[in-house]
């Protein structure tokens, strides 16, 4: 099963269960074996008692579906909108068939490889803010096939409902507009600029158009002297149209003069899943986060739900207290991305002996990459330690980029070692069980070496409220937020 219900489990509890269960009708031999095994584990495993989490393997089948908005209290002046997985019962668009895990992992490789390539010429990895700018590759954004999380907004006067994928790795937001020469099918009506009283197209002489050109996303001028944009993605797809502004409605708040692309033509597999467009949350000038920093403040957060049957949220103007925080690294050459420095990993309560230098390239936080990519040396240590804590389950065949897989057949619940990511400043993030195992494999992958940029993917971020405190230069984490 691809989703599990998370439960903290400790061996002291397990031992107590063994004693109380003696009187019940469980076959005595099986029980004896189980109790002996647990006792041995506690006595000789060397793991502390809080070092395991219990996964309930059947949870997906019986999981209650609750798509109502989680209770979130944004800071004063902030705004929160529900966020849903694009597949499954909570999706605001008709659910297209979810791709298989293998297909998702294949697309994920495209995105991760693309991000790594983008940084390959950047000195200083994830944080080179001191460096002078050099030429930026013209293909911005990333492969879109991995984007999974949607928000619903209103654009125009009167507001037209638009369902958009969020992406922390993109800056320019866009929706499909009438008239459209080449568009994908979508659930909502196409945005019609002519029926909005507050719509305007940017002239080529505008400062917004000049900014777009500086970001290498300008695409010349139309015959009516309107600013044209282009977004190109790592999978070869692209979209073009008129750079525009209009009123944006987010929950109960309104943003005037929101800049976005009015997409009139696309090529490649831009989006094939009924959604209307993309909302960029990157660190560049055109992103929603940057544009609304003056209104809501220079911080936003989100919580990605653990399953497709539960909701998360996106908050602009997030309160910045109550989080554990690590310094945010920024690159002047790739401004869209938010970087962090991983410095250690703990498995089952024990810190792995990985030299700190292994993590020196830094990592980026990415809502659109699925699986966390670690330096090769760090992944190797993680995989070995995790296997050692999972000896009771037979190994299974590798699947795609996953090489640490287990056979859970016949198990109603599975006990897995905790995994804690430790970031710069000693910030320890204890991953939810949904953030450790995907399918029946350890949900991490290795980079080809230690010098490539790491990526903290969305599986590892599930259930955490992740704070991007751009003004304060920090990335924060809060457990169990959705």
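Even glycines carry a Cβ here, placed using N, Cα and C.
The annotation domain 'Peptidase A1' is assigned in TrEMBL to 149-478. Regional average pLDDT for the domain 'Peptidase A1' (149-478) in the model is 92.
For residue 167 (active site), the count of additional Cβ atoms within 10 Å of its Cβ stands at 25 [all protein chains shown]. The annotation active site is assigned in TrEMBL to 167 (among others).
Feature annotation from TrEMBL assigns active site to 366 (among others). Using a 10 Å Cβ-Cβ cutoff, residue 366 (active site) registers 26 neighbours.
Residue 167 (active site) sits 8 Å from residue 366 (active site), taking the CA atoms of both as reference points.
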